[in-house]
Each structure stands twice: as structure tokens, then as C-alpha cells.
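The structure appears right after this line, and notes come after that.
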């Protein structure tokens, strides 16, 4: 990876807004260049220039031109494929169609010549759904040249000519039209030629006068099907699109007077034609188009057939109609006869005109629209139903005499109805008598008519119910809409409130200054947004003198921030130099192996359990049989499932290691010996797991021992808040024997189940900057600094630059726990990395960096912050403090230099030594380091009067000779509790001894002798003990001490003696004191020094 890279300062989303191009298009273009992008990706100036060149206006025009040209060629090819096979078929059928045209014209004229007899009534096709009167809507003639018509359109138009009147015309396929890619003229001419051959034009000119239009509208009320020249019910809708794409429908309705077999056949053929593929539509259309102008039956036959059908219906309805209404029916029939006559005249005119049009041989294949007429638009009256049509027929065929008898009845009924029904709406004259007749017929005929009326009432009730439901639904919709409006208002107010809160939070956050402790004046000024001069002036006003590069303490930073109206939030060096990274993409996230930490008290079998799982013997390699290092191991099961295990020490001195293990793990296995109790380190491990919110699986070990009691362990765990599943809790528990392997496989299965529930995922993208944690670090003589890293996200390869705490470097090699070289490491995999410039601390974050320069900058900044922190917090001895300590003689200090094999061991030793010190004796670690003891360490110990503790390390040859010369005490240890014991004893020896007073003799004064030149001599008797000549004594009178001193002389008889035992008499004098009396007591005593014990609080 190059050391220098061009700075990325242009976001893709900003470039997309600038060019007015979709962000996805920009991303796809950049990815084609070989870059991996997201919505927040930044690019360099060179990449931005490439994007601008690609999406410039000239580039857009050229791309659009290419796209239009490709679309044009594609459509031309598609049209050629469609037209070529159809043209061959139509050319073959053209000759056959012309031959049949002459014969069909003759037949059509022969069948259309007979006119309708005057004496015959209008033919009526009685049907449940009466047909609409003949109506032809023709769109206005378009003078523009016809658009190219595809073969499918020709077939579709031909098919429309033979469909029944009430059936909608088959949809026509719009011609292929694209403003961007026009067809060449040669292709258009060929398409038009084929279309003209396949669909000859039929010219229809209808120009009815306004009076005729009104007659047609009036005829709709009593519409009756009439004879037709055609044998089919035809309905055609033709759409012609102009350049403006405006389409107007052309509809032709022709009433049908019969239902012939040809009509059924044509309808079936039309249905089949719609289901067939487009390639077969044109052939089917030609077959259907041919019989269009042929009329198989004459109008007279149609009328005869309609009359017979009419008589049958009339006989059925005549039985249920009242005879007393005949007169009213006759009056209404006169109006119907007039309307029928006008309707028949119009129909005859249209039939003659249509037959003339079909007489031309060129019109035999279809229709062509030349214009459109607009009929008089007004509200049409209601169509008569089947019963009303039957009533009209009966009135026409009923004799006149019954009609005259019933005339008075008709005159009286309207008068009776007008009074109660004055406020009601007026009904049609033909509909109301029928309803009255039905009501009266129900009363006269009884149940027979009631049966027919019930469905009518049920329909009415249904309509009412439907109207009620619609009204209720409308009301509900209104209520729902009002409720939705209220909800929208509430939601809007909530959004506004949230926006106000966010704005306030942002404003408050903008006034919070996040800074590290011991920042320089220049750095503080940059974060405050002011010049360093202003900061220095503020400090001058506050009475402090600082420089621009001076490091400021915590109090000064807080004071200056308040002066500039800022709040201060102090952060660590790692947070200050945190590296921003792109968010993880869902496609990059994959399931990762779980990380399992084994925790528990010392000697409960943690490492033995791991040895059984790994099929190794780690315990044999540990000094004293206890774990003193934090190990990371990867285990592969039989099903290729991978697990990562972290083995933590159980000794109380390794608290930091256990806390570190709980923070980076996914699952904790808590090992408790069944033959022991829940120990303090067990409780500590549980607290670490709870603090890290990590699930716990309890493993009760050593169940193979005779004195094992798993139930006692469960009880003790429940007392401290860990309730296992067997007792109704949520913590899994498994009884195992790490020595024999009993239950170990079940324990692993429970770990896998717990990991599956956690849904552990990590980013496996190679573009992701990897992250990890330093588990342990050591200094090897041949390899240099080696750190054990647990990868958390991303993929690590050899040669990548990195930073870990205050150390940086480039990966030179990667090793697994067995020393095998690795080229690539994935998430949740432990690895030993070589290439650190300095020794990192256990627990530091390991981060892959884009370049060596960035890694070095971050590492140097962290080192400055840490050095300043150590310097400011180092203990400084003042002269007054030294004088006070000398006067009191209480405080003793043991200076220590610690050298160990790993950084974790150093931390454990330092923490352990801090715990054994007291207020009178203290331990000061003046230097700590990883690696062997060097000459520098010896010189430092000689200058500071310190001892050197080597934990699993040895001095080099020169250091050993220098230590012997300077008489420096170097202690070597391999087990941590041996170090702590010796330091404990040394601190006890440094304690001042405890002084205790012991009474050696009690002497009673019985007589006093006065001797010249000597003074008063006391004659005494030794009551208890033995009084010595050198003993200190005190004189007690009535229990009150009046003198304390030494003896001046001690004699027995006349001889000087050194001591007098109990029960003997003696004489004594007190030095410089003569005020003695009879019965005074003299006590001799001595002070005894007692060695003190070091009591650690």
C-alpha cells in the first residue's frame, strides 16, 4: 500500500446533486473503476474529474443518441419479423376473397330488396335486455396521412366487424410509435401496402338531420328489434391515433331481430380468436371477415319468427293482466305505433344506405372511418323492461270494445292517486298502471301472484340494505378521515416537538467541549474557535502565565472553557484519536465463531478443561501448575465448527485479566469445583460477566471425586443471584469432569446453542478496516515485540499498517498459538502479530490503518497524552514532607523495579504489590518493563536504592556483573504468589517494632536510714520478682507514681549486688531522689520490643 495517498474530500452524494444524476448511477460508474462505494463514500479529485467527464452534457447526448439508434434498429427488426409472414398469407387469400365478393354481393341484394309489409306489426325481439336503437358514432375525418398499421391491427379491425351489438369490440393493438426512433419510410410503405390489401376500406357517410336524431331518441323508449340486412350482430370500435395521440372511439350499434346459428358461430370464433396468440389473429380475422355482408334470411322471415315468439309471450302475460286496463293500454299503444313507424322508416333508410355501401367490391373486407357526426346530446329516457314490452303487445292485439268499457276506470284512478301522492315524484305513464295491476292481481288471484311478487320485494329490500350500508360506509369513511386527520395533526406536533428537542440537543452539544486532559494552549484555542492569543490573554487576566505550547492541567482547561461559555467533557486519548469508519453493509455481514472465556477460582480446573478440549497439556507448561498468562486458543470440532477459547488466571492478582476477558467474550464458562465452595474469585468472575452483560454457563467440575457435592454448589450460586435452569432459572448448568471428559461434549453443545441465540455476525469484507483487541503482549529476544490479538471485525493480511494504543507498525508475520504462520486472519480468530515498534498494553484497541503515516501520527499523539498524564500524576517529594517523615519516623517506602515476560504479568504484579502496602510502609514501582534485566535497570536501582524483581526473566551478563559490583538485590520468581509473599515479609520487617513494658519486681520500703554524704537509704523487702541493679524503677505512693528513674545503688547487707530475688531484704537508693517514706512501693520494669504483623486493609 503506498505511503502517500490523495486526500478524499468529495462525497458521491454531493457530486450527484451537482450533476443532477442519480446516486446509484454514480456509484455504479465508480465501482466499474474498481472502487467499492457506499452512500457516504468520499473520492479524490482525480476520481471526481472522471465522473464529471463521464456525465457531462456531450456525453449524455452521445449516450442518448446511441440508445435511440439501438431502439430504432430493434423496432425495425421486430416489424420485419411480424410483417413478412403475414404479407405472404394475405396475398394468397386476397384472390380467394375477390372471387367470393361478387357472389356475396348478389346474395346480399336479393335478401335486402323485400320491404316490410304495412299490415304486419313491428317485429320485436323480446329479450330480458332490450337492445339499443341503431346508433353510429363516427369520428371526424383526419386529413393527415394514415399511420402505419401492423398486421395484428388489421386482423383485430376485421374481427370487430362481426361482433354482436351489445358486446364491446375487441381491443385493437396500437401501432408502434416512438418519438425517439421513427421507422424508415420504406418500412412504412410496405406496412401500409399490406394493411390495404388485408383490410379494404368501407366508406360510411351518415348525416341524419336533427329531426331524425330526435326521432331516434324518442324511439329508445319503445325500442323493438328490426330486420337487418346482415345475418350477424355487429359492433365495431375503431380508433385512429394522430400525431397528438388523441383517440376518439367509433361505435356502430345495429339491433338484432333473431338469434341464428351463424351468430353463435361467429361469437364462438371471436372468443377463440381472443385466446389465440398474436401470430394467428390475422388468419382468424380473414375467415371471419368474409361472411360480413351476407344476409341469410329475409326481413319477412325475421318478422314471422318474431311474431310467433311474440304471441307465445303475449299469451303467457295476458293471463296475468287485467282486462279493465285495456282502454288505457290502447291509448298508450297509439303513441307507440307512431314511434314504431318512425323507427321503421329510419331503419329502412339505414339498411338501404349500408347495402349500397357493401355493394362495392372494394369494401368487402372492412371499414374505413372518414369522419364523425355528433348526435344530439340529452338525457335519454328509461328503457322499457320485458313486462312493459309485453303489455304494449297485449294492448295492440286486444279488441276495442273491452277498451271502451274500461275508459272511465282510467279517468277516476288518477284523481284518487293524486291526493295521497301529491308530494311524490311523477312516474312514467306506462309504468305506474302496471304496478297497480300487479297489486290488484295479488289480491284477486291469491298465492300464485304473491310467489312472483316476493322476489321483487326481496330485491327492493336488498337495494335498501345496500344503500344503508353505503351510507354507513360513507359515514365511517368520514369518521376515519377525521380520525386520520387528528392522528396526522398529533403526529405532526410530535415530529415538531422531536425536531425542537433534537435542535436543542444539537445546540447544547455544540457548547460541549470534548478534549483530552493536558491539552496544549494551541489545541484548546482551535477547539474553542478562537486564537491562542485570546486564550493567553484570558489566562493573564486570571493570574496565570502560559505559553502557546504549554500543556494545561484539568483545572485550567475547565476555567478557560467557562470563560468562553463552553462546558468541558474530558475524554481518553483513544477516544480523542478515534478512527471514523464506514458503516457495515448487510451483504458483508456473516456469521462468526463465538468467543468463549473460561473463568473461575484458582485450582478449580479451568486449564484442565481447556486441555481436554484442545487435546493438549497446557497445565504442564505453567509454573506451579497455575495459569499466570491469558491464553487465546482456537478449537475446531468434528463438524468443522470453530470456537475461540480465552483462558484466564484464577489468582486474585489477575483481576485485570479477568475483567479484560469478560469484555471481549461472547459466552462465559464459569468453572466451579464440586468438592469446594463458591470462592471469592468465583464471585468476582460472575460480577465481571454481569458488568459486561455476557451470558454465563456454569460448569460444575470434579464430579468424579468422592466428596463432590453439586447440589451444594447450586445452592451457593443461588445465594449470590445465579439461578440455574434445573432450579427454574435462566442460567445453563452442566456437570463435568475435565480429567475424564465426562459431560464436556454436552457443555460444548450448550455453548453452541447460546451462540446461535446471540446471532453473532461480523464484517468479512476485505475493504473493511479491521479492528481487534490486544489480549497479551510480550518481548521476545529474537522476534521482538509479539502481541496476541483477537480479531473482532474485518480481515487482516500480512503487510497491513496498524496502530495499537501508543504503538504502531506494519504486520511482518502472523502466528497461531502453535507457532504456524498465517497469511490471512478472520473475525473471532486469535493471532500473534509481529511488527510492533513499541510494546502495547494489554487491552489496547488494535486498528488497521490506510497508511503508515496516519498510523504514526495517531500513535505519536497518544504517546504525548500518556506521557503528560504520567508526568503530572507522578508522586513528587517535597522538602517539608521529608522533614515531617523524619520527625515522625513512621513512613517507610520500598522501591521496586519490575521486569516480567508479558505486559499482563506486569500489571498483575503491580496490582498485587499495591494491595499489600499500608500507611506506614509503601511500595513504589519506579520502573516496569517487559523483557530481560539490562544494565540500565541495574543503574536505576543503584541510584534510587531499589530492589529488582524479575518475573520469569533473567539478567544479561553485563547486568549481572554490574549488580554484583553495586550490590543490588535482584530476586527471581516464576510464581506470582511467591513474589507477593516475599514483598509482604519485607514490608513487615520495615515496620517499627512494638514496645511493651514488663514489671520485673515489686519491692516494699519498710524502713529508712539516714547516712551522711549519701542521703536516705531505703530498707526494702522484695515481694515479687527479681530486682536488677540496672532496672528502671518507679516510686508509687498510695498507688500514685511520684518518681520514675534508675537505682543509684543496690546492697545486700554491706555488699553491692547486681540483683536480689524475691523474699530477700535489700537496701537501695534512688538516683537524685531522697523523698522516700515507709510503705512506698518500688517497681522495677523493662521495655520489650515486639515484631509487628503487616495488616493489609
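Placed from the backbone N, Cα and C atoms, the Cβ positions cover glycine too.
Since we're looking at a predicted model, the values are computed, not measured.
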Quiz prompt | Given ranges 592-599, 600-607, 608-615, the stretch to which Swiss-Prot attaches the annotation region 'G1' | solution = 600-607
Quiz item: Do you know which of 620-624, 625-629, 630-634 Swiss-Prot annotates as region 'G2'?
Solution: 625-629
Exercise. Write down the single range among 689-692, 693-696, 697-700, 701-704 that appears in Swiss-Prot as region 'G4'.
Key: 701-704
Quiz item: Do you know which of the binding-site residues 603, 648 has the most other C-beta atoms within 10 angstroms of its C-beta?
Solution: 648
Practice problem: For the region 'G4' (701-704), find every same-chain residue at least 6 residues outside the stretch whose CB is under 8 Å from a CB in it, and list them. | Solution: 604-605, 608-609, 671-675, 710, 735-740, 742-743
Exercise. Check each residue in the chain of residue 703 (GTP binding site) that is at least six apart in sequence and keep those whose C-beta is under 8 Å from its C-beta; list them in sequence order.
Key: 674, 710, 735, 736, 737, 742, 743
Quiz prompt | residue 603 (GTP binding site) - helix vs strand vs coil (DSSP) | solution = coil
Exercise. Could you tally the C-beta atoms, other than its own, that fall within 10 angstroms of the C-beta of residue 606 (GTP binding site)?
Key: 28
